[in-house]
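Participant: Swiss-Prot lists these features:
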type	residues	note
BINDING	PHE153, LYS177, GLU180, ARG181, SER230, THR252, GLU385	NAD(+) binding site
ACT_SITE	CYS285	active site, nucleophile
Amino acid sequence: MTTGVQTLKNYIGGQWVESRSAKTEAVPNPATGEVLAYVPISTREDLDRAVAAAKEAFKTWSKTPVPRRARILFKYQQLLVEHWEELARLVTLENGKSYNEAYGEIQRGIECVEFAAGAPTLMMGRQLPSIATGIESGMYRYPIGVVGGITPFNFPMMVPCWMFPLAIACGNTFVLKPSERTPMLANRLAELFKEAGLPDGVLNIVHGAHDVVNGLLEHPDVKAISFVGSQPVGEYVYKTAAAHGKRVQALTGAKNHSIVMPDADLKVAVREIINAAFGSAGERCMAASVVVAVGDIADELVERLVAAANEIKIGNGLEESVFLGPVIREAHKQRTVNYIELGEKEGAILVRDGRKDAAVQGEGYFIGPTIFDRVTTDMTIWKDEIFAPVLSIVRVSTLDEAIEVANKSPFANGACIYTRDGGNVRKFRDEIDAGMLGVNLGVPAPMAFFPFSGWKNSFYGDLHANGMDGVEFYTRKKMLTARW
């Protein structure tokens, strides 16, 4: 182990404690390969200790007055704002995305804390003073208990902040299993929450992999699981946790289609598609994966997309004006290369080859923006979630065909349309099978105050993340009917 590189600790019961396991994994900077830290691959015993701490803390936290919980969240929001630049830099270091994108991610996370700080309003019930003569009835919200969260590498700030601030604001306690690929930001979030006055045991962090995940899914004292990650794992999480009697929300894979109509403003469409396809190295559930070009606009659209992709600066996300950083690991880079080779083999036309960019030949896990034209729905690159800076272009003649292509995918996280025609927008809105829709913009981004998630194989569960769906997920209701 490299001298001077720290091994991260778990956060259990308000204390930083070493894992019972001696096994660790390196956390490299994806842009350089430099090891930033080592993360413990914790055991079921570590997880059990965290759940026990959360269960004990729930006894008092669930009874803490809601306004006091809100004041702690307000203080937490202030601390996050004060440390905004530090947090953004940490995201770039361990994830690789550009500093500008990381800065925006911190904003999204802070917005989630701001929403959660409205707990006194969010936790309000309802009353009807007279359901019959002399009888009144009311609904009251209560926390559900210990909640488990399992988060991915691609948004180490935003996704955890979808989960634990709102769960905690509602009176629950929380055990977070962050991605072992980006664990450092999670620890910093816990430090700042403690500084804000959060009592010990309300938030716990256990680093690790399969043992910790399975422990959360199976532990009888964990009442709910929130998950964001790949489709196969999300389906497993949903089925396993549900089989153990837990409430589950699992946000999973995507293959988002962007439909470009003949009347579209091409300047806007190209700008938005480039940002959506290649921002965060394509490693996001709302990335534009497929462009469906309608009618005779296709040739010019492809030409403009390639020209714009050629202007993208690739490199270390901490460098000024860098737009496209590395993918998360060398193995993911090779997986992307394999998909590019497969796309060529299956007959798609490679109009921009990201393997040839200069940055790909140096240190770090870089792959340049890659664009395929004349992709068809029987090709693997159309079917699979590649999760990398690879864009496929499908050509069709009508909006009906474009909608048919998009709806054919088993994924249904999001879709966008570029048009100036309100009739096109209405048809798109009503007929597309997806949860997050955009018009003349590339990423219909999650907002703290509205529900966020997809349909079909992009989501398992009933209640989505964020907004009042999130409040519903983290609370249960009691009805009181009284005669006086």
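Keep in mind that glycine also has a Cβ here, set from the backbone N, Cα and C atoms.
Structural setting of the listed features?
Facilitator: A simple way to gauge crowding: the CB of SER230 (NAD(+) binding site) has 15 other CB atoms within 10 angstroms, across all the protein chains here.
Remark: CYS285 (active site, nucleophile) has ASN154, VAL228, LEU251, THR252, GLY253, ALA254, ASN413, GLY414, GLY454, SER458 as non-local neighbours, by Cβ distance under 8 Å and separation of at least 6 in sequence.
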Participant: Check each residue in the chain of PHE153 (NAD(+) binding site) that is at least six apart in sequence and keep those whose C-beta is under 8 Å from its C-beta; list them in sequence order.
Facilitator: ASN95, SER179, ARG181, THR182, GLU283, ILE328
Participant: Counting across all protein chains present, how many other Cβ atoms fall within 10 Å of the Cβ of GLU385 (NAD(+) binding site)?
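Facilitator: Cβ-Cβ neighbours of GLU385 (NAD(+) binding site) within 10 Å number 20.
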Participant: List nothing but the largest Cα to Cα distance in Å, as a whole number, among the residues PHE153, LYS177, GLU180, ARG181, SER230, THR252, GLU385 that the record says bind NAD(+).
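Facilitator: Greatest Cα separation within the listed binding residues comes to 23 Å.
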Participant: Excluding near sequence neighbours, so keeping only residues 6 or more apart in the same chain, what lies with its CB under 8 A of GLU180 (NAD(+) binding site)?
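Facilitator: GLU25, VAL27, VAL39, ILE41, HIS207, GLY208, ALA209 - these are the non-local Cβ neighbours of GLU180 (NAD(+) binding site), listed in sequence order.
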Participant: Across all chains shown, how many C-beta atoms besides its own are within 10 angstroms of the C-beta of ARG181 (NAD(+) binding site)?
Facilitator: 19
